[in-house]
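Quick look at what TrEMBL lists:
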{"type": "DOMAIN", "residues": "4-120", "note": "domain 'MTTase N-terminal'"}
{"type": "BINDING", "residues": "C13, C49, C83", "note": "[4Fe-4S] cluster 1 binding site"}
{"type": "DOMAIN", "residues": "144-375", "note": "domain 'Radical SAM core'"}
{"type": "BINDING", "residues": "C158, C162, C165", "note": "[4Fe-4S] cluster 2 binding site"}
{"type": "DOMAIN", "residues": "378-439", "note": "domain 'TRAM'"}
Amino acid sequence: MDPKKLFIRTYGCQMNVYDSERMAEAMGGQGYVETDTPDDADMILLNTCHIREKAAEKVYSELGRLKDLKAANPDLKIGVAGCVAQAEGEEIMKRQPMVDLVVGPQTYHRLPDMVKSVSEGTKVVDTDFPLEDKFEVLKNRPKARRAPTAFLTVQEGCDKFCAFCVVPYTRGAEVSRPAERILREARELVERGVREITLLGQNVNAYHGEGTNGATWSLARLIWALNDIDGLERIRFTTSHPNDMSDDLIAAHGECEKLMPYLHLPVQSGSDRILKRMNRSHTAEDYLRLIKRIRAARPDILISGDFIVGFPEETDADFEDTMSLIRDVGYGQAFSFKYSTRPGTPAAERPLVDDAVASERLQRLQSLINEQARSVMEDMVGREIGVLFEKKGRMEGQMVGKSDYLHAVHVTAEGIAAGDLRRVRITGAGPNSLAGALV
Ligand code: 5AD
Ligand code: SF4
(Lines of atoms letter the chains of each structure in order from A and count residues from 1; the text may use other names and numbers.)
(Lines give C-alpha, C1' and ligand atoms only; values in the text may rest on other atoms or scores of the structure.)
(Ligands and ions follow the chains in the order given, each with its own letter.)
Protein backbone atom coordinates (compact mmCIF):
# COMPACT_ATOMS: atom_id res chain seq x y z
CA MET A 1 0.00 0.00 0.00
CA ASP A 2 1.24 3.50 -0.79
CA PRO A 3 2.17 5.54 2.26
CA LYS A 4 -0.41 8.13 3.23
CA LYS A 5 0.54 11.76 2.80
CA LEU A 6 0.66 14.30 5.61
CA PHE A 7 0.82 18.04 5.05
CA ILE A 8 1.67 20.26 8.03
CA ARG A 9 1.43 24.05 7.90
CA THR A 10 3.26 25.76 10.75
CA TYR A 11 2.40 29.20 12.14
CA GLY A 12 4.11 31.23 14.82
CA CYS A 13 7.23 30.63 16.84
CA GLN A 14 10.21 28.33 16.57
CA MET A 15 8.74 26.00 19.15
CA ASN A 16 5.90 25.30 16.72
CA VAL A 17 8.50 24.46 14.06
CA TYR A 18 10.03 21.97 16.47
CA ASP A 19 6.60 20.58 17.44
CA SER A 20 5.63 20.11 13.78
CA GLU A 21 8.78 18.09 13.21
CA ARG A 22 7.97 15.85 16.17
CA MET A 23 4.36 15.44 15.01
CA ALA A 24 5.58 14.38 11.56
CA GLU A 25 7.89 11.85 13.24
CA ALA A 26 5.04 10.50 15.37
CA MET A 27 2.82 10.14 12.29
CA GLY A 28 5.68 8.42 10.44
CA GLY A 29 5.07 5.45 12.74
CA GLN A 30 1.51 5.33 11.39
CA GLY A 31 2.68 5.08 7.79
CA TYR A 32 2.42 8.77 6.92
CA VAL A 33 5.09 10.60 4.91
CA GLU A 34 5.29 14.38 4.67
CA THR A 35 4.32 16.16 1.48
CA ASP A 36 4.93 19.83 0.72
CA THR A 37 1.56 20.62 -0.78
CA PRO A 38 -1.94 20.27 0.71
CA ASP A 39 -3.35 19.29 -2.72
CA ASP A 40 -2.56 15.58 -2.64
CA ALA A 41 -2.55 15.11 1.16
CA ASP A 42 -4.57 12.47 3.03
CA MET A 43 -4.25 14.47 6.21
CA ILE A 44 -3.69 18.19 6.74
CA LEU A 45 -2.54 19.56 10.09
CA LEU A 46 -2.46 23.27 10.85
CA ASN A 47 -0.04 23.88 13.72
CA THR A 48 -1.36 27.17 14.98
CA CYS A 49 -0.30 30.23 16.97
CA HIS A 50 -2.50 32.29 19.30
CA ILE A 51 -0.12 35.04 20.34
CA ARG A 52 -1.82 37.82 18.33
CA GLU A 53 -5.28 38.27 16.87
CA LYS A 54 -4.49 37.91 13.20
CA ALA A 55 -2.81 34.55 13.79
CA ALA A 56 -6.10 32.88 14.79
CA GLU A 57 -8.03 34.65 12.03
CA LYS A 58 -5.48 33.35 9.51
CA VAL A 59 -6.21 29.82 10.69
CA TYR A 60 -9.94 30.23 10.17
CA SER A 61 -9.47 31.64 6.68
CA GLU A 62 -7.02 28.84 5.85
CA LEU A 63 -9.67 26.33 7.00
CA GLY A 64 -12.15 28.08 4.73
CA ARG A 65 -9.80 27.59 1.77
CA LEU A 66 -9.43 23.88 2.58
CA LYS A 67 -13.19 23.36 2.15
CA ASP A 68 -12.80 22.71 -1.59
CA LEU A 69 -10.13 20.08 -1.02
CA LYS A 70 -12.37 18.35 1.50
CA ALA A 71 -15.32 18.48 -0.92
CA ALA A 72 -13.17 16.91 -3.66
CA ASN A 73 -11.81 14.23 -1.32
CA PRO A 74 -14.19 13.27 1.51
CA ASP A 75 -11.51 10.93 2.95
CA LEU A 76 -9.21 13.87 3.61
CA LYS A 77 -8.72 14.41 7.37
CA ILE A 78 -8.17 17.90 8.71
CA GLY A 79 -6.64 18.64 12.10
CA VAL A 80 -5.89 21.80 14.05
CA ALA A 81 -2.93 21.62 16.46
CA GLY A 82 -1.03 24.13 18.59
CA CYS A 83 -2.09 27.12 20.65
CA VAL A 84 -5.30 28.10 18.82
CA ALA A 85 -6.40 24.47 19.28
CA GLN A 86 -5.65 24.77 23.00
CA ALA A 87 -7.45 28.09 23.39
CA GLU A 88 -10.49 27.42 21.20
CA GLY A 89 -11.00 23.66 21.66
CA GLU A 90 -14.41 22.48 20.45
CA GLU A 91 -15.25 25.99 19.25
CA ILE A 92 -13.11 25.25 16.16
CA MET A 93 -15.38 22.37 15.13
CA LYS A 94 -18.44 24.55 15.73
CA ARG A 95 -17.06 27.20 13.40
CA GLN A 96 -15.67 24.70 10.86
CA PRO A 97 -17.55 21.37 11.16
CA MET A 98 -15.27 19.73 8.58
CA VAL A 99 -12.41 19.71 11.13
CA ASP A 100 -11.80 16.12 12.34
CA LEU A 101 -9.20 16.65 15.02
CA VAL A 102 -8.23 19.33 17.55
CA VAL A 103 -5.00 18.70 19.48
CA GLY A 104 -3.26 21.05 21.93
CA PRO A 105 0.52 21.49 22.25
CA GLN A 106 0.79 19.16 25.25
CA THR A 107 -0.86 16.04 23.81
CA TYR A 108 0.47 15.58 20.30
CA HIS A 109 2.31 12.40 21.34
CA ARG A 110 -1.20 10.87 21.40
CA LEU A 111 -1.67 11.75 17.71
CA PRO A 112 -1.27 8.17 16.42
CA ASP A 113 -4.22 7.00 18.57
CA MET A 114 -6.27 10.08 17.69
CA VAL A 115 -5.67 9.53 13.98
CA LYS A 116 -6.86 5.95 14.35
CA SER A 117 -10.16 7.18 15.85
CA VAL A 118 -10.46 9.86 13.20
CA SER A 119 -9.98 7.34 10.38
CA GLU A 120 -12.82 5.33 11.91
CA GLY A 121 -14.98 8.42 11.65
CA THR A 122 -14.85 9.70 15.25
CA LYS A 123 -13.99 13.35 15.79
CA VAL A 124 -11.39 14.03 18.50
CA VAL A 125 -10.68 17.03 20.73
CA ASP A 126 -7.71 16.68 23.12
CA THR A 127 -6.56 19.81 24.94
CA ASP A 128 -5.40 18.19 28.20
CA PHE A 129 -2.36 19.12 30.21
CA PRO A 130 -1.41 15.48 30.88
CA LEU A 131 0.95 14.19 33.55
CA GLU A 132 3.03 12.05 31.18
CA ASP A 133 5.93 13.64 29.33
CA LYS A 134 5.23 13.89 25.59
CA PHE A 135 8.95 13.99 24.82
CA GLU A 136 9.50 10.73 26.66
CA VAL A 137 6.74 9.06 24.60
CA LEU A 138 8.33 10.43 21.41
CA LYS A 139 11.76 9.26 22.50
CA ASN A 140 13.58 8.04 19.41
CA ARG A 141 14.15 10.44 16.59
CA PRO A 142 14.55 8.80 13.17
CA LYS A 143 18.00 8.87 11.61
CA ALA A 144 17.13 10.68 8.38
CA ARG A 145 19.70 13.15 7.00
CA ARG A 146 18.88 16.71 7.83
CA ALA A 147 19.90 20.37 7.81
CA PRO A 148 22.98 21.50 9.76
CA THR A 149 20.86 23.50 12.22
CA ALA A 150 18.11 22.26 14.54
CA PHE A 151 15.83 23.38 17.34
CA LEU A 152 15.66 21.47 20.60
CA THR A 153 12.99 22.20 23.19
CA VAL A 154 14.45 22.20 26.72
CA GLN A 155 11.78 24.10 28.62
CA GLU A 156 8.14 24.82 27.97
CA GLY A 157 5.43 27.00 29.42
CA CYS A 158 5.58 30.18 31.45
CA ASP A 159 4.75 31.29 35.00
CA LYS A 160 5.37 35.01 34.40
CA PHE A 161 1.84 36.06 33.38
CA CYS A 162 2.65 39.25 31.51
CA ALA A 163 -0.71 41.03 31.36
CA PHE A 164 -0.97 40.85 27.54
CA CYS A 165 0.14 37.27 26.94
CA VAL A 166 -1.74 33.98 26.32
CA VAL A 167 1.30 31.71 26.63
CA PRO A 168 0.78 30.79 30.32
CA TYR A 169 -2.74 29.66 29.36
CA THR A 170 -2.01 27.87 26.06
CA ARG A 171 1.36 26.28 26.88
CA GLY A 172 0.75 25.87 30.59
CA ALA A 173 3.06 26.10 33.62
CA GLU A 174 6.82 26.16 33.30
CA VAL A 175 8.40 22.71 32.93
CA SER A 176 12.07 21.84 32.28
CA ARG A 177 13.14 18.59 30.62
CA PRO A 178 15.79 16.48 32.37
CA ALA A 179 19.33 17.21 31.09
CA GLU A 180 20.05 13.59 30.23
CA ARG A 181 17.22 13.49 27.67
CA ILE A 182 18.28 16.80 26.17
CA LEU A 183 21.88 15.62 25.86
CA ARG A 184 20.73 12.36 24.29
CA GLU A 185 18.60 14.21 21.75
CA ALA A 186 21.47 16.61 21.01
CA ARG A 187 23.85 13.68 20.36
CA GLU A 188 21.29 12.09 18.02
CA LEU A 189 20.95 15.37 16.13
CA VAL A 190 24.74 15.66 15.80
CA GLU A 191 24.91 12.07 14.46
CA ARG A 192 22.41 13.16 11.82
CA GLY A 193 24.68 16.00 10.68
CA VAL A 194 23.49 18.87 12.87
CA ARG A 195 26.25 21.39 13.73
CA GLU A 196 24.20 24.10 15.46
CA ILE A 197 21.47 23.64 18.06
CA THR A 198 19.10 26.35 19.25
CA LEU A 199 17.67 25.51 22.68
CA LEU A 200 14.03 26.51 22.85
CA GLY A 201 11.76 27.55 25.67
CA GLN A 202 9.16 30.25 26.27
CA ASN A 203 11.34 31.15 29.23
CA VAL A 204 14.45 29.24 28.27
CA ASN A 205 16.80 30.99 30.69
CA ALA A 206 14.53 29.98 33.60
CA TYR A 207 15.56 26.39 32.79
CA HIS A 208 16.00 24.36 35.98
CA GLY A 209 16.03 20.71 34.95
CA GLU A 210 17.31 17.61 36.65
CA GLY A 211 21.04 17.31 35.89
CA THR A 212 22.85 14.07 35.03
CA ASN A 213 24.26 14.14 38.59
CA GLY A 214 20.81 14.44 40.20
CA ALA A 215 21.30 18.13 41.09
CA THR A 216 19.17 20.87 39.52
CA TRP A 217 20.95 22.41 36.55
CA SER A 218 20.67 25.97 35.31
CA LEU A 219 20.63 26.78 31.59
CA ALA A 220 24.30 27.74 31.81
CA ARG A 221 25.19 24.35 33.33
CA LEU A 222 23.27 22.63 30.51
CA ILE A 223 25.07 24.74 27.89
CA TRP A 224 28.45 23.75 29.36
CA ALA A 225 27.45 20.07 29.09
CA LEU A 226 26.38 20.56 25.45
CA ASN A 227 29.68 22.35 24.82
CA ASP A 228 31.44 18.98 25.40
CA ILE A 229 29.62 17.19 22.57
CA ASP A 230 32.09 16.53 19.74
CA GLY A 231 30.79 17.59 16.35
CA LEU A 232 28.42 20.19 17.81
CA GLU A 233 29.89 23.56 16.81
CA ARG A 234 27.36 26.17 17.85
CA ILE A 235 24.83 26.67 20.64
CA ARG A 236 22.09 29.31 20.80
CA PHE A 237 19.00 29.71 22.98
CA THR A 238 15.73 31.62 22.81
CA THR A 239 13.55 33.23 24.29
CA SER A 240 14.80 34.74 27.53
CA HIS A 241 13.29 36.92 30.25
CA PRO A 242 15.48 39.68 31.76
CA ASN A 243 14.74 38.54 35.32
CA ASP A 244 16.20 35.07 34.66
CA MET A 245 19.53 36.27 33.22
CA SER A 246 21.62 34.64 35.97
CA ASP A 247 25.29 35.36 36.68
CA ASP A 248 26.47 31.97 35.37
CA LEU A 249 24.60 32.51 32.09
CA ILE A 250 26.10 35.98 31.64
CA ALA A 251 29.55 34.54 32.37
CA ALA A 252 28.99 31.70 29.86
CA HIS A 253 28.56 34.30 27.14
CA GLY A 254 32.13 35.37 27.77
CA GLU A 255 33.65 31.94 28.39
CA CYS A 256 31.78 29.21 26.56
CA GLU A 257 33.41 28.77 23.16
CA LYS A 258 30.40 27.29 21.34
CA LEU A 259 27.83 29.74 22.72
CA MET A 260 27.18 32.28 19.95
CA PRO A 261 27.39 36.08 20.48
CA TYR A 262 23.68 36.71 20.00
CA LEU A 263 20.98 37.18 22.62
CA HIS A 264 17.26 37.65 22.17
CA LEU A 265 16.18 39.51 25.30
CA PRO A 266 12.69 41.05 25.01
CA VAL A 267 11.89 44.11 27.14
CA GLN A 268 8.49 45.01 25.54
CA SER A 269 8.53 48.67 26.66
CA GLY A 270 10.93 51.33 27.93
CA SER A 271 8.39 53.00 30.23
CA ASP A 272 8.36 51.94 33.89
CA ARG A 273 4.68 52.85 34.15
CA ILE A 274 3.80 50.51 31.25
CA LEU A 275 6.22 47.79 32.39
CA LYS A 276 4.41 47.79 35.70
CA ARG A 277 1.01 47.54 34.02
CA MET A 278 2.40 44.74 31.87
CA ASN A 279 3.36 42.87 35.05
CA ARG A 280 6.94 42.59 33.81
CA SER A 281 8.48 42.97 37.31
CA HIS A 282 11.54 44.85 36.07
CA THR A 283 12.22 48.48 35.22
CA ALA A 284 13.82 49.99 32.14
CA GLU A 285 16.87 50.82 34.25
CA ASP A 286 17.14 47.14 35.41
CA TYR A 287 17.18 46.09 31.77
CA LEU A 288 19.81 48.65 30.74
CA ARG A 289 22.03 47.66 33.63
CA LEU A 290 21.67 44.01 32.64
CA ILE A 291 22.63 44.76 29.02
CA LYS A 292 25.76 46.52 30.32
CA ARG A 293 26.77 43.46 32.35
CA ILE A 294 26.20 41.14 29.39
CA ARG A 295 28.28 43.38 27.13
CA ALA A 296 31.02 43.50 29.73
CA ALA A 297 31.18 39.68 29.52
CA ARG A 298 30.93 39.59 25.72
CA PRO A 299 31.55 43.00 24.14
CA ASP A 300 30.61 42.00 20.56
CA ILE A 301 27.28 40.37 21.50
CA LEU A 302 24.36 41.30 19.25
CA ILE A 303 21.19 42.07 21.19
CA SER A 304 17.73 41.45 19.80
CA GLY A 305 14.35 42.12 21.39
CA ASP A 306 10.58 42.26 21.24
CA PHE A 307 8.44 45.40 21.64
CA ILE A 308 4.73 46.02 22.02
CA VAL A 309 3.38 49.48 21.10
CA GLY A 310 -0.08 50.75 21.93
CA PHE A 311 -0.41 48.75 25.13
CA PRO A 312 -3.55 49.99 26.96
CA GLU A 313 -3.02 53.49 28.36
CA GLU A 314 0.36 54.00 26.66
CA THR A 315 0.89 57.76 26.34
CA ASP A 316 3.19 59.65 23.97
CA ALA A 317 5.62 60.08 26.85
CA ASP A 318 5.61 56.32 27.56
CA PHE A 319 6.33 55.66 23.92
CA GLU A 320 9.20 58.17 23.90
CA ASP A 321 10.68 56.26 26.85
CA THR A 322 10.65 53.14 24.69
CA MET A 323 12.38 54.99 21.84
CA SER A 324 14.99 56.28 24.24
CA LEU A 325 15.66 52.79 25.63
CA ILE A 326 16.14 51.52 22.07
CA ARG A 327 18.65 54.31 21.42
CA ASP A 328 20.50 53.39 24.62
CA VAL A 329 20.70 49.67 23.83
CA GLY A 330 21.44 49.72 20.10
CA TYR A 331 19.74 46.59 18.77
CA GLY A 332 21.08 44.31 16.07
CA GLN A 333 17.54 43.21 15.34
CA ALA A 334 14.10 43.35 16.95
CA PHE A 335 10.50 42.27 16.52
CA SER A 336 7.75 44.78 17.22
CA PHE A 337 4.02 44.45 17.39
CA LYS A 338 0.92 46.51 17.84
CA TYR A 339 -0.83 45.44 21.03
CA SER A 340 -3.54 42.90 20.31
CA THR A 341 -6.25 42.11 22.86
CA ARG A 342 -6.18 38.47 23.97
CA PRO A 343 -9.44 37.42 25.63
CA GLY A 344 -8.91 36.07 29.13
CA THR A 345 -5.70 38.02 29.81
CA PRO A 346 -5.69 40.80 32.46
CA ALA A 347 -4.99 43.59 29.93
CA ALA A 348 -8.04 42.61 27.86
CA GLU A 349 -10.30 44.64 30.17
CA ARG A 350 -8.40 47.92 29.77
CA PRO A 351 -9.01 50.95 27.51
CA LEU A 352 -7.30 50.71 24.13
CA VAL A 353 -4.97 53.24 22.51
CA ASP A 354 -6.35 54.75 19.30
CA ASP A 355 -5.41 52.44 16.43
CA ALA A 356 -4.01 55.16 14.18
CA VAL A 357 -1.79 56.40 17.03
CA ALA A 358 -0.54 52.86 17.67
CA SER A 359 0.20 52.35 13.96
CA GLU A 360 2.18 55.56 13.80
CA ARG A 361 4.21 54.57 16.87
CA LEU A 362 4.90 51.15 15.38
CA GLN A 363 6.19 52.74 12.20
CA ARG A 364 8.50 55.12 14.05
CA LEU A 365 9.82 52.34 16.25
CA GLN A 366 10.43 50.03 13.32
CA SER A 367 12.32 52.64 11.35
CA LEU A 368 14.60 53.28 14.34
CA ILE A 369 15.23 49.53 14.74
CA ASN A 370 15.88 49.19 10.99
CA GLU A 371 18.41 52.01 11.14
CA GLN A 372 20.21 50.28 14.02
CA ALA A 373 20.12 46.88 12.32
CA ARG A 374 21.51 48.46 9.14
CA SER A 375 24.39 50.09 10.93
CA VAL A 376 25.24 46.83 12.78
CA MET A 377 25.36 45.07 9.40
CA GLU A 378 27.55 47.75 7.86
CA ASP A 379 29.93 47.46 10.82
CA MET A 380 30.42 43.80 9.91
CA VAL A 381 32.13 44.80 6.63
CA GLY A 382 35.86 44.07 6.86
CA ARG A 383 35.49 41.70 9.80
CA GLU A 384 36.44 38.04 9.76
CA ILE A 385 33.67 35.89 11.26
CA GLY A 386 32.41 32.31 11.36
CA VAL A 387 29.72 31.22 8.88
CA LEU A 388 27.85 27.92 9.03
CA PHE A 389 26.76 27.13 5.46
CA GLU A 390 23.24 25.78 5.03
CA LYS A 391 22.32 25.66 1.34
CA LYS A 392 22.99 26.78 -2.22
CA GLY A 393 22.31 30.43 -3.05
CA ARG A 394 20.37 31.73 -6.03
CA MET A 395 23.48 32.60 -8.05
CA GLU A 396 25.69 30.00 -9.74
CA GLY A 397 28.36 28.66 -7.34
CA GLN A 398 26.98 30.60 -4.39
CA MET A 399 26.40 29.20 -0.89
CA VAL A 400 24.35 30.79 1.91
CA GLY A 401 24.92 30.41 5.61
CA LYS A 402 24.47 32.19 8.93
CA SER A 403 27.14 34.19 10.66
CA ASP A 404 27.95 33.87 14.36
CA TYR A 405 25.65 36.90 14.76
CA LEU A 406 22.82 35.20 12.83
CA HIS A 407 23.06 37.34 9.69
CA ALA A 408 22.56 35.55 6.36
CA VAL A 409 25.90 35.52 4.47
CA HIS A 410 26.43 34.77 0.75
CA VAL A 411 29.76 33.44 -0.46
CA THR A 412 30.70 32.39 -4.00
CA ALA A 413 33.50 29.82 -3.87
CA GLU A 414 34.32 26.25 -4.83
CA GLY A 415 34.24 23.41 -2.38
CA ILE A 416 31.81 24.66 0.26
CA ALA A 417 29.22 22.11 1.39
CA ALA A 418 26.13 22.48 3.56
CA GLY A 419 27.23 21.90 7.14
CA ASP A 420 30.70 23.47 6.69
CA LEU A 421 31.72 26.03 9.28
CA ARG A 422 34.26 28.39 7.71
CA ARG A 423 35.97 31.70 8.42
CA VAL A 424 34.69 34.42 6.13
CA ARG A 425 35.77 38.01 5.53
CA ILE A 426 32.68 40.21 5.12
CA THR A 427 32.97 42.31 1.96
CA GLY A 428 29.56 43.96 1.69
CA ALA A 429 26.21 44.59 3.36
CA GLY A 430 22.95 44.34 1.39
CA PRO A 431 19.45 45.11 2.71
CA ASN A 432 18.85 41.61 4.13
CA SER A 433 22.17 39.83 3.99
CA LEU A 434 25.94 40.14 3.95
CA ALA A 435 28.39 39.13 1.23
CA GLY A 436 31.77 37.62 2.02
CA ALA A 437 34.79 35.68 0.83
CA LEU A 438 36.47 32.63 2.38
CA VAL A 439 39.57 33.48 4.41
N1 5AD B 1 -0.14 41.74 21.55
C2 5AD B 1 0.96 42.09 20.86
N3 5AD B 1 2.13 41.45 20.97
C4 5AD B 1 2.20 40.40 21.81
N5 5AD B 1 3.22 39.57 22.13
C6 5AD B 1 2.75 38.68 23.02
N7 5AD B 1 1.45 38.90 23.30
C8 5AD B 1 1.08 39.97 22.57
C9 5AD B 1 -0.13 40.70 22.42
N10 5AD B 1 -1.22 40.38 23.10
C11 5AD B 1 4.57 39.71 21.59
C12 5AD B 1 5.58 40.00 22.72
C13 5AD B 1 6.30 38.69 22.85
C14 5AD B 1 6.26 38.18 21.42
C15 5AD B 1 6.51 36.72 21.27
O16 5AD B 1 4.96 38.50 20.99
O17 5AD B 1 6.44 41.02 22.30
O18 5AD B 1 7.62 38.82 23.33
FE1 SF4 C 1 4.28 35.66 27.62
FE2 SF4 C 1 5.55 37.19 29.43
FE3 SF4 C 1 5.69 34.50 29.59
FE4 SF4 C 1 6.99 35.79 27.61
S5 SF4 C 1 7.41 35.98 29.83
S6 SF4 C 1 5.72 33.92 27.41
S7 SF4 C 1 5.58 37.47 27.17
S8 SF4 C 1 3.86 35.74 29.84
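Using the three backbone atoms N, Cα and C, a Cβ is placed for every residue, glycine included.
A TrEMBL annotation is a machine prediction, not a hand-curated record.
Features as recorded by TrEMBL, highlighted on the structure.
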residue: C13; record: [4Fe-4S] cluster 1 binding site; Cβ within 10 Å: 19
residue: C49; record: [4Fe-4S] cluster 1 binding site; Cβ within 10 Å: 22
residue: C83; record: [4Fe-4S] cluster 1 binding site; Cβ within 10 Å: 27
residue: C158; record: [4Fe-4S] cluster 2 binding site; Cβ within 10 Å: 23
residue: C162; record: [4Fe-4S] cluster 2 binding site; Cβ within 10 Å: 21
residue: C165; record: [4Fe-4S] cluster 2 binding site; Cβ within 10 Å: 21
Residues in the domain 'TRAM' (378-439) grouped by DSSP into helix, strand and remaining coil: 3 helix, 34 strand, 25 coil
Annotated binding-site residues C49, C83, C162, filtered by Cβ under 6 Å to ligand 1: none
Per DSSP, three-state class assigned to C83 ([4Fe-4S] cluster 1 binding site): helix
Across the domain 'TRAM' (378-439), average pLDDT on the 0 to 100 scale: 97
Between C158 ([4Fe-4S] cluster 2 binding site) and C49 ([4Fe-4S] cluster 1 binding site): CA-CA distance (Å): 16
Neighbourhood of ligand 2 - binding-site residues from C13, C49, C83, C158, C162, C165 with Cβ under 6 Å: C158, C162, C165
Neighbours of C158, C162, C165 excl. site residues, C-beta within 8 Å of centre, [4Fe-4S] cluster 2: K160, F161, F164, V166, V167, P168, Q202
Residue pair C13 ([4Fe-4S] cluster 1 binding site), C165 ([4Fe-4S] cluster 2 binding site) - Cα distance, angstrom, rounded: 14
Cβ-centroid neighbourhood (8 Å) of the [4Fe-4S] cluster 1 site, C13, C49, C83 excluded: Y11, G12, M15, N16, T48, H50, I51, A55, G82, T170
Between C83 ([4Fe-4S] cluster 1 binding site) and C158 ([4Fe-4S] cluster 2 binding site): CA-CA distance (Å): 14
